[in-house]
Every structure is written in C-alpha cells, then in structure tokens.
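Database features (Swiss-Prot):
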BINDING   C18, C57, C91  [4Fe-4S] cluster 1 binding site
BINDING   C152, C156, C159  [4Fe-4S] cluster 2 binding site
DOMAIN    9-128  domain 'MTTase N-terminal'
DOMAIN    138-368  domain 'Radical SAM core'
DOMAIN    371-437  domain 'TRAM'
Amino acid sequence: MRTKSLKKNKINVITLGCSKNVYDSEVLMGQLRANGKEVTHEATAKDEGNIIVINTCGFIDNAKAESVNMILEYADKKDKGLVDKVFVTGCLSERYRPDLEKEIPNVDQYFGTTELPQLLKALGADYKHELLGERLTTTPKNYAYLKIAEGCDRPCSFCAIPLMRGSHVSQPIEKLVKEAQGLAKNGVKELILIAQDLTYYGLDLYKKRNLAELLEALAAVEGIEWIRLHYAYPTGFPMDVLELMKREPKICNYIDIPLQHISDSILKSMRRGTTQAKTTQLLKDFRAAVPGMAIRTTLIVGYPGETQEDFEILKEFVQEMKFDRMGCFAYSHEENTHAYLLEDDVPDDVKQARANEIMELQSQISWDLNQEKVGQVFRCIIDRKEGAHFVGRTEFDSPDVDNEVLIDASKHYVKTGEFVNIKIIEATEFDLYGEPA
C-alpha cells in the first residue's frame, strides 16, 4: 500500500527596502535555520517556497507601492493555490497594519518591526536568544551589514522612520564585536555599519557618543579588513571618529552623511538643527582631517515651500562641494510627520525636474572625479563575476549605491571575495574599468 508523503515546508523570505531590512531578514533566516527550517531568499519561478514572508518598506510613496504590489502578488498566488501561506512584516506592516488587514485580508498574518518572536512562532519556530546576531547572510561572502542601533531620536519633519522603528536603541559593543567575529569566521572581510543615525551611537547605553570606541573594538577583530560608515547625521558629529579614521587603516576613508538640503530656510523647516554655514564648515573639517576621503550624501528636492531660490542655493552648494557620491530624491508627503501639516506645494513634475537637474550636475562632477583616477592603482575587493566582467570596489565605494570597478574577464582572472590591486585604465560617470596591477 502506498502512503502519501508529507510535503516539507520551504520558507521564502522576500526583502524590500534598505540595508536595515536586509539585516533583519538575515536575522530571521538565521533563526529559522537554527530551528531546522528550510529557508530561501531566492524567488525563482521553479521553486520559490510554499510559505512566503515579505519584509516590507514603508518609507516613501514608491517604496510603499512596491511593497503593496508584492503583497498583492503573493496574496493572489495563495488564492490560486500556488503558495500555502503569506506573512507580512517590516515597516509598511508596522505603519499601516490595520489598513492592510482590511484591504488585503487573505494574508495569513501581519507583524511589526519588533515582533520577530511572534513571527517565528507563526512559522513554527522558537526565538533563540543564544544566537546573538548570528544570521544567514544574503550578501556576497566578503561583506556584511552590521546594524549597530535601531530607531531614531532626531526630529526631522519629513521622516516617518521613528513611526516605524521607534526611538534610538544602541547595541552593546561586546554584542557587536561577537557578531563581527562570527561574520569574520565565515569569510566576511568588510563590515558596513548601519543605523538610522551612527553619530548618536552610545548616548543611550553609555551616556556619551561612543562610535569611535566601537570602531576601535571592531578594528581589532581578526579577519576584518574594511569597516565602512553609513548614515551619519551632520549635527553633533563625533570628530574623534575622523582622528581614528586617519590612523586606523581598517576604517575606510568614506562616510555617508545625508544632508537633505542646504538652504537655511528649508533646513529650519526640516528641523535639521544646522545651517548652511555649519554644514559647509563640517565638510571642510572632514576633508582637512582625512585628505582624500569620499563623502556620500543624499538630498531631497521639492520639500514644501522650496522656492527656485532655495533650489539654486542647493545647486551652487553641490557644485562647490563636489561630493564623491550622491543620491537625490523628490520629496514624498508622508502622513503623521510634522511636514505633513505643511502644504505640499511643489508640483510633482517640478520636483522630478529638480531631482533630475541635481543628478545631471552630479553626473558631471562624478565624471571629472573619475577621470582623475585613470592611471592610479587602488586596492579593490572583488564582489562577484557578472557577465563578461569581474566586479569590484575601492574603499571609496559602497555596494549597490556607488561606483564599481569592472575587470574584463576574458583578459584577466581575479578571485572573488579577495583583495586585488587594480590599475584604472578607463572611467565613466559611475564606473571604473581596470586591470590587475
């Protein structure tokens, strides 16, 4: 007599949004694996799993739309019997759970950003405290994100992050060092430190800004060769970090410091706690303290009340400062933020035109800066082979958002996951082409 075999569940974790969501998904998958669950993050047509977890983003309109569309897609697949269960977590779920439960009720359950144990229980797993940050990384083997804090205490008028992530909570240095040691044992060479605000690190735990002390502890971890800083805040920046960056070779001469705008009237309305003069001086201090450092920033155009004069001030600032890397976004009018009380008075087409103009300006700046690199030799980490090229990065470039170094695979072989000295032979606005030196 033949018996029907029981289908083994396979859980597919789909991640939308920022690197902090990537980290959260990796923690979730690590917990699931420790519970003996089969888990994947590869959504393929042949085998995408029968239980779906969607880790959503709820930051701005485009991200929210992408998350909603993904939920609808898998809710429809569930209705058609193509998947068995659908669970939703992350920022969109945290922010809009009642609305989502009403509008898309065929999702099995919604969870917020702090409900990992509850999500695991719904997936038939137990939360294991002893894992201490162990996770199933989804990035190339040579780098990993390290989330040093959660939430944010800044009062920025346009930002909904505190609504979804709560107040700032730093992770203890000893916990982060242990996590870094585990990553290094698994082959990670580059740590990318992330938080809503790196510069606030330690104020809650240690009653002082403690980022430099954390960096020193992480730099002592054997196997870690690069440490990269993302998402610093211009107000209250701990300058001892720059002193450490200059003398500690493991800390990349790179910082991501979203400035958002530079016009004093817009900065005041945004509640950024700084001015054009203070910001300009801070950036000059950065470059004086660490000559050659790469500065990445993010700007917002079309904020309520932004005049053509405000925009011209911003353009002049971009031209003057010549940022190494930049992103620019059209303002998104977010419910329950302070700025939502203001009239969203800049037309969408004007917002987008201004964003395009800023990025065109930055493209020329990037072209000029990259041409200066031709003929120079840089130590690069090789992330992957893609098509006809090996793809790497210098210490001045972060994954996914910055320049890449492309090496012709038909002419040269370099080992992925390793450091190689590369001579730059050609450059475009956002890519460098090189060969082993």
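Cβ coordinates come from backbone N, Cα and C, glycine included.
Feature map: annotations from Swiss-Prot on the structure.
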residue	record	Cβ within 10 Å
C18	[4Fe-4S] cluster 1 binding site	19
C57	[4Fe-4S] cluster 1 binding site	21
C91	[4Fe-4S] cluster 1 binding site	28
C152	[4Fe-4S] cluster 2 binding site	22
C156	[4Fe-4S] cluster 2 binding site	20
C159	[4Fe-4S] cluster 2 binding site	22
Sorted by sequence, non-C18, C57, C91 residues with Cβ within 8 Å of centre, [4Fe-4S] cluster 1: L16, G17, K20, N21, T56, G58, F59, A63, G90, L92, M164
Integer Å distance between the CA atoms belonging to C91 ([4Fe-4S] cluster 1 binding site) and C156 ([4Fe-4S] cluster 2 binding site): 18
Secondary structure at C91 ([4Fe-4S] cluster 1 binding site), reduced by DSSP to three states: helix
Helix-strand-coil residue split for the domain 'TRAM' (371-437), DSSP-based: 1 helix, 35 strand, 31 coil
Inter-residue C-alpha distance, C91 ([4Fe-4S] cluster 1 binding site) and C159 ([4Fe-4S] cluster 2 binding site) (nearest angstrom): 13
Assigned conformation of C18 ([4Fe-4S] cluster 1 binding site) - DSSP reduced to three states: coil
Confidence summary (mean pLDDT) of the domain 'MTTase N-terminal' (9-128): 90
Rounded to the nearest Å - Cα separation of C18 ([4Fe-4S] cluster 1 binding site) and C152 ([4Fe-4S] cluster 2 binding site): 15
Sorted by sequence, non-C152, C156, C159 residues with Cβ within 8 Å of centre, [4Fe-4S] cluster 2: R154, P155, F158, A160, I161, P162, Q196
Rounded inter-Cα distance in Å - C57 ([4Fe-4S] cluster 1 binding site), C159 ([4Fe-4S] cluster 2 binding site): 13
